[in-house]
Amino acid sequence: MVDYHAANQSYQYGPSSGSNGAGGGGTMGDYMAQEDDWDRDLLLDPAWEKQQRKTFTAWCNSHLRKAGTQIENIDEDFRDGLKLMLLLEVISGERLPKPERGKMRVHKINNVNKALDFIASKGVKLVSIGAEEIVDGNAKMTLGMIWTIILRFAIQDISVEETSAKEGLLLWCQRKTAPYKNVNVQNFHISWKDGLAFNALIHRHRPELIEYDKLRKDDPVTNLNNAFEVAEKYLDIPKMLDAEDIVNTARPDEKAIMTYVSSFYHAFSGAQKAETAANRICKVLAVNQENEHLMEDYERLASDLLEWIRRTIPWLEDRVPQKTIQEMQQKLEDFRDYRRVHKPPKVQEKCQLEINFNTLQTKLRLSNRPAFMPSEGKMVSDINNGWQHLEQAEKGYEEWLLNEIRRLERLDHLAEKFRQKASIHEAWTDGKEAMLKHRDYETATLSDIKALIRKHEAFESDLAAHQDRVEQIAAIAQELNELDYYDSHNVNTRCQKICDQWDALGSLTHSRREALEKTEKQLETIDQLHLEYAKRAAPFNNWMESAMEDLQDMFIVHTIEEIEGLISAHDQFKSTLPDADREREAILAIHKEAQRIAESNHIKLSGSNPYTTVTPQIINSKWEKVQQLVPKRDHALLEEQSKQQSNEHLRRQFASQANIVGPWIQTKMEEIGRISIEMNGTLEDQLSHLKQYERSIVDYKPNLDLLEQQHQLIQEALIFDNKHTNYTMEHIRVGWEQLLTTIARTINEVENQILTRDAKGISQEQMQEFRASFNHFDKDHGGALGPEEFKACLISLGYDVENDRQGDAEFNRIMSVVDPNHSGLVTFQAFIDFMSRETTDTDTADQVIASFKVLAGDKNFITAEELRRELPPDQAEYCIARMAPYQGPDAVPGALDYKSFSTALYGESDL
């Protein structure tokens with residue numbers, strides 16, 4: 001006889017859901033005792049026997065096909081015991097003793113006894129079933145034995161709300177078919193004759209396979225065939241009964257129906273487990289993939305930013321000087337373009353990088369994953385260090401550019417200064433030689449000679465004054481030579497020409513003075529009068545010009561005191577006008593006296609005073625102008641006085657309202673701070689109270705609008721200060737915005753606490769206890785605890801973190817969870833996250849391993865085909881690409897290790 005173990009050694013099966021021995025859902029004796037009532041009539045009805053044969057044969061073949069074989073005749077094919085032992089191995093997932101190879105009756109009996117002993121070892125009492133009857137092909141005993149196997153391995157573990165196997169299966173059917181019309185499952189015979197119950201079970205779990213609304217209760221054959229064909233085609237449940245056998249039997253066989261229905265139960269319960277396991281894996285993988293994308297984005301952004309810094313620093317450290325200011329200015333323009341165009345996006349990238357890093361760490365912490373550690377050299381601190389190096393190089397580069405530009409500007413300034421002074425000097429000397437050589441004094445009158453002498457004296461003074469300019473020109477030329485100015489040759493040529501011309505002017509000046517002194521005579525009186533006129537006319541003319549400027553000066557005042565000061569000064573000015581008028585008349589009298597002397601002595605005057613250009617006509621014209629401006633000034637000052645009085649009224653009006661609104665805002669800010677600390681009642685009560693408080697604040701807005709209207713009037717009046725109040729409109733606006741922001745932030749904090757409480761299943765009492773403990777140790781009300789404050793808070797909540805080695809280790813572990821960035825502060829949200837993790841369940845690596853084990857059919861490995869069948873395509877490929885090959889002794893080609901993959905997801909091993 002062929003050894004079936006050797007023939008099927010390539011097939012290995014994991015234990016099924018019903019292979020846990022006698023310990024699943026009650027003892028075998030209990031349900032067998034219950035089944036005694038079902039087997040009272042040992043003489044099978046022929047119709048029932050036919051149904052049992054077909055059902056039991058199909059049920060056995062549904063399992064034997066896994067081992068590559070099947071049976072045709074149920075009471076013949078099990079006689080040698082070989083396929084019976086193989087069936088038990090497949091459905092139990094356990095090895096039976098090695099079968100005997102002989103073909104004699106004794107060998108067959110021994111093989112059947114091995115199978116019966118295995119059944120008995122599972123707690124099954126075999127009543128009146130012996131190996132000899134099975135070997136002899138006793139149909140009744142064979143069907144009874146198969147029914148016992150079905151009960152033990154397919155129905156026993158079905159338990160709904162602690163019911164027995166049969167009752168549990170019936171209750172499951174009733175619940176699944178309850179929503180369907182014309183279906184009322186009360187038993188496992190009559191309730192199934194019309195086929196609607198079978199169709200309802202399929203539609204409940206796979207609605208796309210059955211159009212239930214089109215089925216008719218009066219067409220049972222069609223209904224049954226439809227259900228059996230769909231189950232065989234799409235659910236892998238073989239056809240165990242014929243529709244005609246069920247319909248043509250007054251009471252279908254209960255065992256056959258139970259066997260058929262149990263196949264539906266196992267098909268749908270297995271699919272549900274697989275779906276649950278797949279959903280759990282998908283959820284875990286989705287979180288892991290999202291985190292990996294964030295990590296990749298961080299690495300890419302960090303690399304790009306560090307590369308940009310690496311390229312930019314050498315450019316900023318380049319200190320090669322240029323020869324011209326235009327070249328240096330181009331460098332400065334490039335630097336400004338860098339500051340204006342290139343750097344700001346990088347500043348934004350750096351900020352976004354830090355935000356992404358913090359967001360990633362938060363997501364990892366919330367999903368119970370290890371903290372993200374960037375590649376070496378790409379930490380946030382590394383980027384900050386590189387950025388500081390960039391800033392230092394940038395600062396030094398700017399200083400160097402400015403120093404170089406200042407140096408070149410000094411050279412250009414010196415050269416320009418030389419050109420300007422040289423041009424002024426050359427313009428001044430233009431015509432001077434011709435003037436000094438002119439012999440106009442030979443035919444001049446006495447007054448002309450006097451004028452020429454004075455003019456020559458003035459020229460000599462001017463000449464002496466220009467001596468400094470000539471010396472400066474020479475000094476600048478010397479400095480340009482020392483600094484190696486590129487145009488030194490032209491500078492030296494021009495400087496030499498100026499010096500030669502200067503010497504010639506000195507010689508000509510001396511000669512002309514000697515000639516004028518020889519002719520200096522006559523008529524000093526007229527000359528003295530002209531001089532006296534000039535001395536007094538010039539100051540008086542200046543006084544009138546200053547007075548006209550003051551009278552026409554635009555004044556800007558902001559207070560009544562300032563305008564009253566201007567009015568007082570103007571009154572004082574008007575009191576000086578009589579004295580000024582007398583001075584004017586005295587000056588005009590001097591001019592008239594000179595005219596009288598010249599006429600009486602027949603002296604021909606040149607017509608103008610040689611000492612001044614201020615004529616009597618100019619003095620009279622300006623005096624009339626002053627007389628006209630005085631009343632205009634009076635009118636303007638009075639108008640301004642009226643305006644300032646109106647402004648003072650606006651100031652007082654604004655101050656009165658501001659001194660009410662400002663303290664109100666400050667009081668509300670203090671009350672919000674107190675409310676956020678006390679936080680009495682439930683979170684919902686706190687939220688409701690805060691929102692009512694927010695509405696009371698919003699209702700106060702009309703007072704602020706009134707203040708805005710008053711402020712608008714002040715702005716239109718160009719009033720810039722107000723001594724009647726310390727509150728400015730900007731101060732009020734900032735306070736108002738801070739008030740709205742504070743109440744909104746406080747409301748948001750409570751809403752987040754509610755979300756955290758609901759998401760983590762934290763009770764109201766726990767949340768209040770957490771808030772009370774946190775507030776108690778938050779001494780400065782800053783919203784965060786330091787390490788010592790946090791430790792004291794944990795101790796108050798019962799955590800063993802005392803000052804010993806074990807307590808310190810536990811505290812350091814907790815700090816690494818709540819403060820992964822080592823900032824030294826623990827926020828209330830981080831505190832709540834930690835406490836919620838400590839008090840609620842989270843997904844673990846063991847849960848993921850258990851889920852994969854379900855998908856793998858309880859094997860220690862999983863195949864790519866199984867992953868693609870149970871998971872979405874993208875996540876299936878993700879797992880296949882990352883799972884290591886399985887190396888266990890039971891490995892098959894293509895086996896993948898899902899255990900190491902699952903632990904790697906949670907940082908417990910390397911992926």
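Glycine too: its Cβ is placed from the backbone N, Cα and C atoms.
Small disclaimer: the values here were computed from a predicted structure and weren't measured.
Record check: Swiss-Prot places Asp778, Asp780 at the Ca(2+) site, and the matching candidate among Glu765, Glu769, Glu789 is Glu789. Between the stretches 84-88, 474-478, Swiss-Prot puts its motif 'LXXLL motif' entry on 84-88. The feature region 'Interaction with VCL', as given by Swiss-Prot for the ranges 108-126, 526-544, 545-563, 716-734, sits at 108-126. Here the binding-site residues are Asp778, Asp780, Glu789; the one with the fewest Cβ atoms within 10 Å of its Cβ is Asp780.
If you look at the domain 'EF-hand 2' (806-841), the same-chain residues 6 or more away from its ends with a CB under 8 A from one of its CBs are 358, 361, 365-366, 368, 371, 749, 752-753, 756, 759-762, 766-767, 770-771, 774, 783-787, 790-791, 793-794, 797, 799-800.
For the repeat 'Spectrin 2' (413-518), the DSSP counts in helix, strand and coil order read 94 helix, 0 strand, 12 coil.
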